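Step one of this worksheet: look at the structure below.
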Amino acid sequence: MKIHEYQGKEILRSFGVPVPRGIPAFTVQEAVEAAQKLGGPVWVVKAQIHAGGRGKGGGVKVAKTIDDVKARASEILGMQLVTHQTGPEGQKVRRLYIEDGADIKNELYVSLVTDRGTQKVALIASSEGGMDIEEVAHSTPEKIITEMIDPLTGITPEQSKKVAAAIGLTGASVDQAVDLFAKLYKCYMDTDASLVEINPLNCDSKGNLMALDAKFNFDANALFRHPEIVALRDLDEEDPAEVEASKFDLAYISLDGNIGCLVNGAGLAMATMDTIKLFGGEPANFLDVGGGATPEKVTEAFKIMLKNPKVKGILVNIFGGIMKCDTIATGVITACKAVNLQVPLVVRMKGTNEELGKKMLAESGLPIISADTMAEAATKIVEAVR
């Protein structure tokens with residue numbers, strides 16, 4: 001789950017990380033009132049969307065008068081902001097953040113992310129923060145510093161000092177960095193975040209550090225422990241199909257292809273998508289119905305997939321372990337009738353009650369294409385949608 005910058009900064013502030021004063025705004029008038037309340041003399045008008053690259057896309061503007069704030073807010077609010085993370089369709093700006101301008105001297109980068117390979121938390125930092133951090137990582141990777149933190153011990157002052165020195169901090173700024181990194185790590189762990197990123201982390205002319213941006217991703221599986229974070233969710237920023245799927249406890253992610261996929265188990269779902277691509281097709285989605293799918297959930301899964309006009313065929317690939325093949329067969333038959341299926345459907349089932357499930361499909365009277373292997377299933381659905 002993602003949140004907006006202004007929400008992320010409130011979380012950082014609650015952990016003692018220094019951030020500029022700012023006020024969210026949902027209308028141009030609210031933006032003007034926010035600027036008046038902050039007092040100036042310089043403000044930054046920021047688009048609030050769940051994507052990076054806002055500055056390059058024209059979603060971050062400096063204003064030096066109240067009239068400037070009004071003009072910039074009018075330009076940004078409601079615009080379709082296109083960045084390298086939104087895709088060509090862009091994202092509509094529905095919220096703004098009006099913030100005090102900052103004395104920017106050096107723009108640094110710092111983030112925390114879980115490294116699954118080492119089962120540790122990676123503190124990633126760079127002296128080259130700002131809008132071009134992706135290019136820095138690509139062209140000069142030696143400027144990206146990574147320090148692994150053992151979750152059993154947490155981040156140590158020695159590690160923080162090492163990273164601070166590596167990104168060019170000196171004197172009192174190092175002490176500030178040690179304090180900031182410790183607070184950032186506590187924030188990361190206490191909120192069950194999967195990513196906390198500050199870009200840029202400003203070091204001003206007096207050597208003081210301040211987070212000028214905040215990006216958070218949270219582990220969706222831990223949200224039950226954080227109702228205060230769930231309350232920050234902005235459904236307008238999410239794929240409507242993914243929001244709908246979450247209501248039925250379906251793991252769904254939209255993709256760009258034309259073959260809908262319904263699978264039980266994340267690993268099998270990824271293998272199924274890979275096999276479709278291997279045989280020349282393009283998956284339209286990742287969809288894991290899980291081990292406790294009911295006929296009702298399967299029906300809803302079909303409805304969600306078929307709301308995508310790109311879908312020209314569906315592949316159902318089920319391994320019956322906890323999930324029984326006859327249960328899936330019942331769901332598939334019910335779904336086909338409920339949605340009046342008009343696209344090709346290939347079903348491959350293996351495992352518990354496999355023969356019963358296949359018999360039910362064969363006797364359903366529906367034009368369902370059967371397959372015994374993943375390769376056969378992928379081949380048949382790719383041919384069917386051509």
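Glycine too: its Cβ is placed from the backbone N, Cα and C atoms.
Database features, via Swiss-Prot:
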DOMAIN    9-244  domain 'ATP-grasp'
BINDING   Lys46, Gly53, Arg54, Gly55, Glu99, Ala102, Glu107  ATP binding site
BINDING   Asn199, Asp213  Mg(2+) binding site
BINDING   Asn264, Gly321, Ile322, Met323  substrate binding site
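Here the features listed in Swiss-Prot are placed on the structure.
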residue	record	DSSP (3 states)
Lys46	ATP binding site	strand
Gly55	ATP binding site	coil
Glu99	ATP binding site	strand
Glu107	ATP binding site	strand
Asn199	Mg(2+) binding site	strand
Asp213	Mg(2+) binding site	coil
Gly321	substrate binding site	coil
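Neighbour density at the Cβ, taken as the number of other Cβ atoms within 10 Å, is lowest among the binding-site residues Asn199, Asn264 for Asn199.
It is Arg54, among the binding-site residues Lys46, Arg54, whose Cβ has the fewest other Cβ atoms within 10 Å in the structure shown. The Cβ neighbour count for Ala102 (ATP binding site), using a 10 Å radius and every protein chain shown, is 14. Reported as a whole number, the C-alpha separation between Ile322 (substrate binding site) and Lys46 (ATP binding site) equals 49 Å. Within the group of binding-site residues (Ile322, Met323), the Cβ with the highest number of other Cβ atoms inside 10 Å belongs to Met323. On the backbone, the CA of Gly53 (ATP binding site) and the CA of Asn199 (Mg(2+) binding site) stand 11 Å apart. Of all the binding-site residues given, namely Gly53, Gly55, Gly321, the one with the smallest number of surrounding CB atoms inside 10 A is Gly321. Cα distances from Met323 (substrate binding site) to the binding-site residues Lys46, Ala102, Glu107 are smallest for Lys46. Taken together, the residues in the domain 'ATP-grasp' (9-244) have a mean pLDDT of 95 on the 0 to 100 scale. Here the binding-site residues are Glu99, Glu107, Asp213, and the one whose Cβ sees the fewest other Cβ atoms within 10 Å is Glu107.
Asn264 (substrate binding site) falls within neither a helix nor a strand when secondary structure is assigned with DSSP, and so counts as coil. When the binding-site residues Arg54, Gly55, Ala102, Glu107, Asn264 are screened for a C-alpha within 10 angstroms of the C-alpha of Asn199 (Mg(2+) binding site), the residues that qualify, in sequence order, are Glu107. The Cα atom of Arg54 (ATP binding site) lies nearest to that of Asp213, taking the binding-site residues Asp213, Asn264, Gly321 as the candidates.
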